[in-house]
Amino acid sequence: MFKLSQKRNAEVRYLLRLGWPIMVAQLAQNAMGFVDTLMAARAGTEDLAAIALGSSLWLPVFLALAGILMATTPLVAHLVGAGRDSETRLPLQQAFWVAAGLGLLGVIILRNANPVLDLLQLAPGLQHKTQDYLDAISWGFPAFLFYQVMRSYCEGFGKTHPVMRIAVLGVLCNIPLNYVLIFGKLGLPELGGVGCGYATAVVMWIMLSTAVFYLLKSQHFKPLRLFNDWQPPRPEQLLQLLKLGVPIGFSLLIEASMFCVLALMLAPYGETVIAANQITISYTGMIFMIPLSIAMALTIRVGQLVGRGEPVEARHAAQTGILITLFVALFSCSLSLLLARQITGLYTSSEEILTLATTLISIAAVFQFSDALQVSAAGALRGYKDTSIPLVMVFIAYWLVGLPVGYILGFTDWLRPPLIAAGLWYGLLIGLSVGAVLLSNRLARISRQAINATPIVRPAQSL
């Protein structure tokens, strides 16, 4: 029993050591959006609205395309686990080819957003600024996807500290660049909110340049000569990455679009409902960074152990990661239930918004467990290179269960009087719970199959 406990404790320490730099990196990326919002607000209401609308368009596009490139992590982790570090150069270079194509696609989408903006029936000035902001962001979009490849590559080796440092550097560069470009300092023109787009694009290139420098100079990666003997696109390698990555990208898009749809469905119900919903999304998104970081660490750890031919240890790591996220969920749920009103008070002083947001945060507190379980199970499954079936499960949970149930509870009187925002969040709770059950069962099955598929080596008997 003591040995098992000692083994579990060692795994907890290893996963936390992998996960906390990822969490800081994720928070730093989110902080860039917060800084943009804060500084653009000083430029004017229209500038702030343009950034809010532009971000709601470019971020889902980025998540979908970057999700495809996240397949680099398990591909590299399997090779690292098998002790084939020198072979990781090929998947890195092939991922760059994919990133080049996706980067071009992203630029085309962002620079041609007007048909979508037309549907929103915006004021001409606001629509013009929003498109200008997206045009500005598009200059950095390819760089950010190339950076995502290198980030995923480093994470496949378990090197998460450089990723954290580069993300923090990005935030530190973003603040002065925003100031100069938004308000027209150092002899540059005053660009307002559009300046945030150019600042973010410059930061994306800075992050890419820093990542390239690290891979070239790092004592660990320098001997691998990653940028030498450059290989042309290889269909077999490209298909392997796309087969693994496209479901990841669509899963992230499904999740991101779900919250966008929630916001659109509540838009006709007034500012109080919209604000309360946004506060809840903002708070739960911040809390979600912790289990998400553990899930990303699980992809690395499980991938390396499977590549090493240790499926029993891989299952143990997956179970440990899930236990960590459930413990975090217990803490965050308790905190949210006990301090829901105080947490809401950090965002607003309006009594109406306070009351509704407190209710929504209390509902969100309960689904911390389902959210933690589903995201950690999905992370572990990526380590097993299992992404297609989980995509179907996520679609079922969000769009075939969560959204319809939320609509029934929120806008019909089939079961009870309409709950509006609370009904949608109850639907999300039920959808996440279904997703947690489906994905955890899938993980149990895949981990068992991996163990059964591994030949048992028996010691030779003496004669």
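First residue shown is number 1, and so on along the chain.
A Cβ is built for glycine as well, from the same backbone N, Cα and C atoms used for every other residue.
Nobody curates TrEMBL annotations by hand; they come from automatic prediction.
Computed from a predicted structure; not experimentally measured.
Here TrEMBL gives transmembrane segment for one range in the set 11-28, 353-370: that range is 353-370. Between the transmembrane segment (279-300) and the stretches 57-83, 95-113, 166-186, 353-370, Cβ pairs under 8 Å are most numerous for 353-370. The transmembrane segment (95-113) shares more Cβ pairs under 8 Å with 133-154 than with any other stretch in the list 133-154, 198-216, 353-370, 391-412, 418-439. Here the transmembrane segment (418-439) has long-range neighbours at 258, 262, 265-266, 269, 273, 276-277, 280, 356, 359-360, 363-364, 366-367, 369-371, 373-374, 377-378, 381, 390, 393-394, 396-398, 401-412, meaning same-chain residues at least 6 beyond its ends whose C-beta is under 8 angstroms from one of its own.
Here the transmembrane segment (57-83) has long-range neighbours at 33, 91-92, 95, 98-99, 102-103, 105-106, 109-110, 113, 116, 134, 137, 141, 144-145, 148-149, 152-153, 155-158, 240-242, 244-246, 248-253, 256-257, 260, 296, 299-300, 302-310, 382-385, 387, meaning same-chain residues at least 6 beyond its ends whose C-beta is under 8 angstroms from one of its own.
Cβ atoms under 8 Å from those of the transmembrane segment (244-267) belong to residues 56, 59-60, 63-72, 74-75, 98, 273-274, 277-278, 281, 378, 382, 385, 387-388, 390-391, 394-395, 398-399, 402-403, 406-407, 410-411, 420-421, 424, 428 of the same chain, restricted to positions at least 6 beyond its ends.
Sequence-remote contacts of a segment are chain residues at least 6 beyond its ends whose Cβ falls under 8 Å from one of its Cβ atoms, and for the transmembrane segment (133-154) they are 50-51, 54, 57-58, 62, 65-66, 69-73, 76, 88, 91-92, 95-96, 99-100, 102-104, 106-107, 110-111, 113, 160, 162-163, 166, 193-198, 200-205, 207-208, 211-212, 214-215.
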